[in-house]
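Q: Right, I'll just put the structure down here and ask away after.
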Ligand code: FSO
Ligand code: SF4
């Protein structure tokens, strides 16, 4: 097995025996086989598009299947077998359509013709494919590094595109790019420079994809507004919804109206409370329970109701809470109940509701405590004049964007410590699940503004980028010239896509931790350091001094 797509990767140089995330070598092999099948499908879809044939089924399927291979999404071998069979079926259907339209007999490549033998071991075939991919690319370590960067980046793009299309937002250019990138991963004749450019193109297309997702969220649920979110629980039956998917959360809220069940968010769904059309329409969307994904085994075990996981990050579940945990969409784990979607992708949540009613729920009300969320681009840029005046008068010295993923490693305490040490005359913007290390700290206010503002999920990185661009525009300068420092934590492939977007935008001086990606070769790291001044985090004191210096 070889996988080094996430920050948790074993010994910092790839999981080879078993995934540090819990992914088995068998699942890793069928994921690699699926990616290969998706590359064949991509080649056929590109030809279909050339001929004007609609590829919507392939587009949506490719995004979901790529999403399923991301870290902590799907650990279930059977689901990947099904994805592989579907990839082949969709490809063959497209080929037949192409043959009907095209006047000549198509000369399909080996990749487009590839079809695994579903009657023999898919695991062995996946292992062969992985070895072939590594041996073809592995001779040039820097090209291999950039190929992995592109592959992992488009997984992130695909996950954002998946969410955006759920909310009716799509752009042909995104699918076209993903197909081309998948095909390019098989190319032997691209130069190092070509790969650098392709990685930056991933960043560019990711910006567009995040824009689509932002439009999907804000057009469907309104612009987030600063909103207090109870952290205390209240007496009664309960359902906890984790992951990132607002559409699935809304569907569950719809189906739990008048059941007496209270719905809590977990992890990356905290910012859901900031969306007016969710909060106002569904008063039983009450509060937030728990913290970041890596604490779920403890938090899910204690939750006295049913739990739904809409996306990553799923950890291998402990036996004590398996019977109350449900998955949907691309998420899967053998032994957990899966909620299949209808033609619109919406599940029937009846089994979740029944389970929640069987379970005891919370026995009493806890004393109130709360956090704020909802400081997305509209809210922050709405007070841009206030922010800029405070910067101008020296009341606000500096802004920090301290955001990204959380994880289990102790060196992530850096992020808590740096937030605690940020001087009183500085603002902290945050986003994604890394904030749970400090989200409930009372950092006070400056110039009538809270010193800690939660922009949203990792899926809202677009919003944070717009805030930076908006402030730069108002000051007639560039993001690099703003009194702003980006201190990011990464864990999985969405974070890679976002990092590539920031590089595509030419944003410099980003500090990245807790470690730099294992798949960046020394030369790729050198290039990023020289061209973008991208650097690893050091210590909170040293980094703060450098940012404020
Ligand atoms: Fe966290 Fe997980 Fe949102 Fe990631 S829940 S780590 S970047 O998958 O998705 O921030
Ligand atoms: Fe290892 Fe991360 Fe891959 Fe899991 S996703 S196998 S932890 S590199």
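Heads up, the Cβ atoms here are built off N, Cα and C, so glycines get one too.
Quick caveat, the model's predicted, so the values are computed rather than measured.
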Q: Pick from 211, 268, 344: which one does TrEMBL list with 244, 313, 405, 433, 458, 492, 494 for the same hybrid [4Fe-2O-2S] cluster site?
A: 268
Q: Between the candidate ranges 84-111, 112-139, 140-167, where does TrEMBL place the coiled coil annotation?
A: 84-111
Q: Let's check the environment of residue 492 (hybrid [4Fe-2O-2S] cluster binding site): how many other CB atoms sit within 10 Å of its CB?
A: 26
Q: In angstrom units, rounded to an integer, how far apart are the Cα atoms of residue 458 (hybrid [4Fe-2O-2S] cluster binding site) and residue 15 ([4Fe-4S] cluster binding site)?
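A: Approximately 25 Å lies between the Cα of residue 458 (hybrid [4Fe-2O-2S] cluster binding site) and that of residue 15 ([4Fe-4S] cluster binding site).
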Q: Tell me which of the binding-site residues 268, 313, 405, 494 ends up closest to residue 21 ([4Fe-4S] cluster binding site) in space, Cα to Cα.
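A: That would be 313, nearest by Cα distance.
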Q: Tell me whether residue 492 (hybrid [4Fe-2O-2S] cluster binding site) sits in a helix, a strand or coil according to DSSP.
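A: Where residue 492 (hybrid [4Fe-2O-2S] cluster binding site) sits, the three-state DSSP reduction gives coil.
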Q: Using C-alpha atoms, which one of the binding-site residues 3, 6, 15 comes nearest to residue 405 (hybrid [4Fe-2O-2S] cluster binding site)?
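A: Out of the listed candidates, the nearest Cα belongs to 6.
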Q: Using a 10 Å radius around its CB, how many other CB atoms surround residue 15 ([4Fe-4S] cluster binding site)?
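A: A 10 Å sphere around the Cβ of residue 15 ([4Fe-4S] cluster binding site) contains 22 other Cβ atoms.
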Q: Which binding-site residues among 21, 405, 433, 458 have CB under 6 Å of ligand 1?
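A: If the test is a Cβ under 6 Å from any atom of ligand 1, the answer is 405, 433, 458.
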